[in-house]
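Heads up, the thing below is written out as structure tokens.
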Amino acid sequence: MEQALVELWPILLYFAFTLVLLGGVMLVSTILGPRTRGHSTHLPYESGILPLGNARVKFANHFFLYAIFFVIFDLETLFLFAWAISFEQVGVTGFIEALVFILILLIALVYLWRIGALNIRKRHLPEQN
Amino acid sequence: MSLQELWLLLPVLIICVGVLTLMLQAAWQRNNVLAQGLTVLTLTLALGALIRQYPTDMRTITLLFEHEPIGGFFSLLLLMVAISVALLQGPYMGKNSKEVAEEFYILLLLSCLGSILLVMSRHVASVILSIELMSLSMLAMLAYNRERKLALEGAMKYLLLSGAATSLLLLGFALLYATSGQLLLTQMLSSPMQLVAKSGFVLVVAGLAFKLSLVPLHFWTPDVYQGAPVNSTLLLTSLSKAAVFALFIKLILLIPPEFEADMVRMLSWMAIASMLLGNWLALQQRSLKRLMAYSAIAHMGYVLVAGVIAMGIDHSLVLEGASYYLLAYLVASILIFAVLTLLSKLDEQQDLDDLPQLQGLFWQHPWLASVMTLAFLSLAGMPITIGFIGKFYLLTLAVKLSAWWLVTAMLVGSAVGLYYYLRVIFTLFAPLQRDIQQTSGAYLSKMWIGVITAGLLLLGILPGLLGDELRRILAIG
């Protein structure tokens with residue numbers, strides 16, 4: 001047990017700090033925070049417009065499409081940047097690997113284009129036969 | 001990376017090319033049969049490439065992967081599972097399904113890719129990446145029919161809990177890295193272990209135990225199994241378990257000696273609890289998929305016994321026993337789920353799952369019922385099936401180590417297991433109540449089932465056929 005305490009004290013300390021910090025922030029904000037009780041204080045803030053209807057509606061945002069587009073366009077830049085700054089060192093092998101990488105992303109783009117993911121007005125689901 | 005290493009990676013590369021081809025095919029012209037054919041072709045080519053250059057010793061492929069016999073054997077099992085799923089998906093889906101076909105095959109190849117890479121991993125980064133590739137693509141397959149409420153619920157549970165388990169795994173590796181400063185698995189575990197490192201290792205074991213659904217972390221199993229389309233359940237119960245177990249046994253064999261006693265105690269309790277609880281909870285199940293889920297928990301307990309013994313005595317015999325048992329389990333699960341798949345349709349709200357629905361299957365479809373009976377007998381460990389030999393291996397090992405608690409739990413578990421396996425078999429032979437529809441055609445899938453059944457019987461009657469070879473295949477001893 002003693003040995004455990006000796007070895008684990010940084011984690012315990014970290015844990016205690018976290019607790020104190022969280023508790024402290026909540027305590028301070030309850031003590032110092034302003035309190036007003038207007039009739040619309042507890043309405044959600046919607047840039048000055050009164051909220052309309054229930055917020056619990058189901059809608060499909062096809063988040064996976066955003067994820068795939070992010071990978072295709074943003075992460076591609078990221079990896080290609082890393083390749084570009086080490087272009088001299090990695091030589092032909094690196095060039096071929098970058099080509100393969102771009103080819104894979106290109107195939108993904110073709111796939112997305114064909115299932116209609118680039119088409120804003122369409123339901124973003126694969127075409128059904 | 002040299003050309004030599006690329007050549008060793010050939011099975012993996014073939015699967016990658018297969019994935020890309022399927023994506024192009026989905027973009028160009030959708031066609032169920034073509035997609036299925038391409039998938040089976042890819043997997044067969046990968047299998048051929050793997051057998052062609054089957055590893056006889058350990059060779060590293062870059063920093064991340066290694067090519068070695070145990071991984072090779074498990075890759076063979078994984079490819080067998082993937083081929084079965086691919087062959088069964090065609091008849092399960094039918095010609096005019098509401099869901100799209102190609103994406104299932106893409107996901108199947110991706111999760112197969114992840115599992116093969118997991119088996120080959122030797123570095124923390126590759127372990128995490130491949131385990132996630134495997135489970136994330138499996139996740140989409142678990143909810144493949146979007147109109148089934150239970151499937152969505154199961155997939156959501158799996159997503160949340162498997163995310164939690166992966167974070168445990170990551171935290172564990174982080175603690176191990178913090179103390180050892182190494183990311184290669186062998187080096188990471190070879191440095192002397194302080195308390196922090198030990199707790200890290202326990203967290204890693206917990207993360208893997210979740211994927212294997214060992215007892216304290218088994219709660220997700222029945223719900224996810226029941227909800228998922230039956231073909232995806234097959235993948236979940238065989239592919240991910242086999243691949244994770246390969247990693248598990250690799251890690252266990254690396255434990256430094258001073259930590260062994262503690263781990264033996266912990267894993268023994270997990271194994272005993274899994275065997276007893278899994279079998280006990282399966283007793284009253286009416287849903288076949290839930291029954292298989294609990295049976296999977298129990299069987300993972302049996303395999304864990306091999307892991308526990310591995311730390312006690314010489315490793316080679318244990319590897320042999322564990323591989324054989326896992327093969328037996330995979331074969332039986334493939335057959336049971338294959339029969340269920342042939343009797344169900346993806347588009348329906350429910351699979352054929354309830355036990356009374358199966359009543360009298362033998363009198364209408366004698367072949368399917370016989371296959372299922374054999375598979376259940378094999379799971380129960382009856383002689384002339386491969387399951388008997390698997391259990392025999394494990395019991396011999398446990399007795400050799402004089403691990404009497406484990407032996408007792410195994411025997412009690414098997415006795416209890418026999419009850420509910422026989423209950424299913426009796427239902428199959430009861431008088432026919434209602435018409436049971438099976439998928440017509442699908443001769444290729446049925447032939448494949450026949451081949452696997454033949455294997456189950458052949459290896460049960462002549463265990464030496466594989467038993468003698470297994471040492472050479474695993475290149476041990």
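For all residues, glycine too, the Cβ spot is worked out from N, Cα and C.
As recorded in TrEMBL:
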type	residues	note
DOMAIN	B:121-415	domain 'NADH:quinone oxidoreductase/Mrp antiporter transmembrane'
TRANSMEM	B:6-26	transmembrane segment
TRANSMEM	B:33-51	transmembrane segment
TRANSMEM	B:71-92	transmembrane segment
TRANSMEM	B:104-121	transmembrane segment
TRANSMEM	B:158-179	transmembrane segment
TRANSMEM	B:199-221	transmembrane segment
TRANSMEM	B:233-255	transmembrane segment
TRANSMEM	B:267-284	transmembrane segment
TRANSMEM	B:291-313	transmembrane segment
TRANSMEM	B:367-390	transmembrane segment
TRANSMEM	B:402-422	transmembrane segment
TRANSMEM	B:443-462	transmembrane segment
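Tertiary neighbourhood of the transmembrane segment (B:402-422): same-chain residues 268, 271-272, 275-276, 278-280, 282-283, 285, 291, 295, 298, 301-302, 305, 308-309, 312, 376-377, 379-381, 391, 394-395, selected by CB-CB distance under 8 Å and a gap of 6+ residues from either end. Counting same-chain residues at least six beyond the ends of the transmembrane segment (B:233-255), those with a Cβ under 8 angstroms from any Cβ of the stretch are 70-71, 74, 77-78, 81-82, 84-85, 88, 108, 111-112, 114-116, 118-119, 121, 127, 131, 134-135, 138, 141-142, 185-186, 189-190, 201, 204-205, 208, 211-213, 224-225, 263, 267, 289, 292-293, 296, 300, 303, 306-307, 310-311, 315, 319, 322, 326, 329-330, 333-334, 337-338, 341. Beyond its flanks by at least six residues, the transmembrane segment (B:199-221) meets 131, 135, 157-158, 161-162, 164-166, 168-176, 178-179, 189, 193, 240-241, 244-245, 247-248, 251, 255, 259, 263, 266-267, 270-271, 273-274, 277-278, 293-294, 296-297, 300-301, 304 of its own chain at Cβ-Cβ distances under 8 Å.
Looking at which of B:33-51, B:158-179, B:291-313, B:367-390 has the most CB pairs under 8 Å to the transmembrane segment (B:104-121), the answer is the stretch B:33-51. Ranked by Cβ pairs under 8 Å to the transmembrane segment (B:443-462), the stretches B:33-51, B:71-92, B:267-284, B:291-313, B:367-390 are led by B:367-390.
By number of Cβ pairs under 8 Å, the transmembrane segment (B:291-313) is matched best by B:267-284 from the list B:33-51, B:71-92, B:267-284, B:367-390.
If you look at the transmembrane segment (B:71-92), the same-chain residues 6 or more away from its ends with a CB under 8 A from one of its CBs are 11, 32-33, 36, 39-40, 43-44, 46-47, 50-51, 54-55, 101, 104-105, 108-109, 112, 115-116, 119-120, 229-231, 234-235, 238-239, 242-243, 245-246, 323, 326-327, 330, 334, 337-338, 341-342, 344-346, 439, 441-442, 444-445, 448, 452, 473-474. Remote same-chain partners of the transmembrane segment (B:33-51), defined as residues 6 or more beyond its termini with a Cβ less than 8 Å from a stretch Cβ, comprise 10-12, 14-15, 17-18, 21-22, 25-26, 72, 75-76, 79-80, 82-83, 86-87, 89-90, 101-102, 105, 108-109, 112.
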